[in-house]
Structure formats: C-alpha cells, structure tokens
Amino acid sequence: MDADAILKKDQRRSSLKQRNLLLSMRLNQTTATNGAPPQARVQPGKGYRNPGKVLSPIRNQEMSPGKRPTLEISELKNVSPINQAHKTGKARAGGVPLSKLQNLKLADFEIGKVLGKGKFGRVYCVRHIESGFVCALKAMEKKDIIQYNIEKQFRREVEIQSSLRHPNLTQLYGYFHDEKRVYLLMEYLVNGELYKHLKGRSHFNDVVASYYVYQMADALDYMHERNILHRDIKPENIIIGFNNTIKLTDFGWSVITPKGSKRKTLCGTVDYLSPELIRSREYNEKVDVWALGVLTYELLVGSPPFEEESKELTYKRILKRNLIFPDHVDTEARHLISRLLEYDPGDRIPLKEVKKHPWIEKNKPFW
C-alpha cells in the first residue's frame with residue numbers, strides 16, 4: 001500500500017477510534033511536543049497576521065514542463081539524532097530505545113489527528129506501531145519543496161534543529177522519505193500552541209508570563225551562543241508542554257551566522273520585525289531580542305505593541321517606537337519590555353540579564 005493510501009485510510013477512521021487512539025497515546029507518552037507549523041491568525045475586521053503580513057524570501061517558481069522533481073535527501077548527512085543515539089546507546093525517547101526507530105517507513109506508524117497544516121505540508125500525531133513511541137510527524141511534499149525553491153532552507157532547518165539540545169527547544173528525532181514525501185519526526189506536546197492559550201484568556205498574568213519569558217530567554221541565549229538566529233519568534237511558534245514548560249519550534253527561517261557577521265535577508269512576521277529589518281539594514285542576533293520584547297508585551301496585553309490595520313502603518317509605529325502600555329502592565333515589566341525594544345540593537349538588554357531582571361526575580365518564587 002503506498003503512502004497516499006495509508007494517509008487516506010487512516011484519516012477515514014471513526015471519531016470514536018480516533019479518541020481511543022489519542023487517549024492511548026497520552027497514556028504512553030512521557031515527554032511531548034507537536035512541532036506544528038503556525039496557522040495564520042485572523043481577527044475580525046483586522047486581517048491580523050494574515051498571509052499577506054508574513055514575510056519570507058520564498059519565490060513561487062513555475063516548474064519546466066515535463067521536469068521531474070528530484071530532491072537530494074542524501075545531502076542530509078549525519079543530522080539524525082536517532083542514528084547518533086543508536087551509535088552511543090545512551091539516548092532514549094519516552095522510555096523507548098531510539099534504535100527501534102531505524103529504517104522507517106510510513107506504514108510503521110498509526111496516524112492520529114492532524115495537528116497543523118502549513119503551506120508545505122501537514123503535521124500529524126503518530127504512534128510507532130512496534131514500540132508504541134508517540135511523536136509528531138511532519139509530512140512535506142517533495143514537489144512543493146522543489147517548486148517553491150526551498151531545498152536549501154529545508155536542509156538548513158533539519159541540520160540546525162537536529163543539532164539543538166535544550167529543554168525549551170523542540171527536538172527533531174530524525175527523518176525518512178519515500179517517493180513523494182519527506183517526513184520529519186519531532187517531539188509531540190499535548191497542550192498545543194501558546195497562541196491558542198493566549199487567545200482563550202486575552203492575556204497572561206505576571207507569574208505565567210514571566211516564566212514563559214524566562215524560558216524563551218534561556219533558549220535564545222543557548223541558540224545565540226551557537227551562532228544560530230531563529231528569526232521567527234511569535235506565540236504560534238511556541239508549544240506548551242507539561243507544567244507550563246514551553247518549547248520554541250519551527251526553525252524554517254533559522255540560520256547560522258558566524259560571530260561578528262551579519263545577515264540581510266528579510267523574513268519573519270510583520271508585527272515582530274525590528275527597525276533594522278524594516279530598514280533593510282544588516283542585522284545580527286539582536287533581532288531575536290527585539291522579537292522577545294514584542295512577545296513579552298503580547299503575553300501581558302494580548303496583542304503586539306505596534307499592531308495596526310496595515311503593514312505600512314505597523315512599519316511606521318515600529319520605526320517611531322511608538323510604545324503604549326495599558327494601565328495594568330507592571331512597572332518592572334514595562335522596564336524590561338522597553339529594554340528589549342531599544343531602537344539601537346546595541347542598546348538592547350543581553351539575554352543573560354533578562355533572566356535576572358527584577359520583574360523575573362520577583363515572580364520566580366510563584367512559578
């Protein structure tokens with residue numbers, strides 16, 4: 001049975017069987033994350049973060065008639081933590097030896113519900129039939145990877161994510177492929193996107209928000225020490241696990257930047273762009289620090305600080321650094337946000353200082 005038939009067959013399961021499957025998945029799972037690609041979110045009448053407001057260097061290229069898509073998966077060498085763990089014999093996932101996950105194919109998995117849909121594929125909750133190991137499986141069409149000219153970006157995403165080991169970064173276990181698709185195996189988190197939780201309560205209190213900001217600062221500090229920029233921080237790309245642990249996901253725009261060098265590519269989400277990105281100037285890891293400031297504001301207020309009806313108006317507010325705080329925002333939280341959102345990248349607060357900021361310290365005992 002080919003991959004298409006397997007996916008279609010599993011998606012025709014009854015809702016009762018789906019619920020039973022997902023229940024058993026939760027009982028078997030000890031650590032989790034979903035890695036689902038972010039969904040564009042829309043506010044009535046505002047077109048909030050609609051696809052038109054998401055920037056990326058992707059170009060929609062037409063393929064030559066009769067040209068057969070070929071994706072050199074073999075170029076992804078030594079990037080699978082599964083293979084590395086198998087060699088050392090030390091790593092395990094959810095109590096299951098990772099050697100169980102060698103030489104995989106789609107038929108080795110039970111396919112659960114769709115966790116997310118993106119431009120280049122879908123993410124499913126799956127269970128490895130033999131071991132019972134539960135994870136998220138991202139299925140991407142090879143023809144789409146080639147058509148949209150993202151082979152380099154795809155390889156970079158896999159190589160970067162597979163090299164990261166941090167409690168607040170989603171882990172990529174490995175990948176496999178067949179004739180039509182590439183499949184990425186990632187952690188599964190049962191609690192879903194941070195944005196969905198934020199939307200359900202309008203904003204978080206200081207205790208919860210400070211804990212999330214601390215974790216993100218630690219994760220970004222870890223990445224920056226390894227010369228890696230994320231470049232797409234936002235609530236849709238953060239997943240919640242057990243005990244309010246959060247994990248940054250979606251490394252599609254991440255890039256390795258040697259110490260002292262800068263980037264020029266414009267990418268990210270409009271509301272989270274820093275002034276230097278908007279002005280098309282060279283930038284470094286401080287764009288992530290700015291984005292953390294926007295995230296902190298959004299966690300406490302419920303919307304980004306510079307949000308406007310159009311991209312152009314949002315740009316103007318960002319460049320003017322027109323920062324307005326509602327009355328309920330704590331004074332020390334305002335100070336931290338202002339330090340993160342300094343116009344000059346060199347003036348932005350270092351991430352190590354973020355973790356020791358008075359707003360963080362006074363809320364830490366209540367985590």
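A Cβ is built for glycine as well, from the same backbone N, Cα and C atoms used for every other residue.
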Annotated region 'Disordered' segment (source Swiss-Prot; candidates 30-49, 70-89): 30-49
Same-site residue for ATP (record: Swiss-Prot; known: L115, G116, K117, G118, K119, F120, G121, R122, V123; options: K105, K138): K138
Binding-site residues compared (K117, K119) - highest count of Cβ atoms within 10 Å: K119
Other C-beta atoms that fall within 10 angstroms of the C-beta of V123 (ATP binding site): 23
Nearest-integer angstrom distance between the alpha carbons (Cα) of K119 (ATP binding site) and D232 (active site, proton acceptor): 16
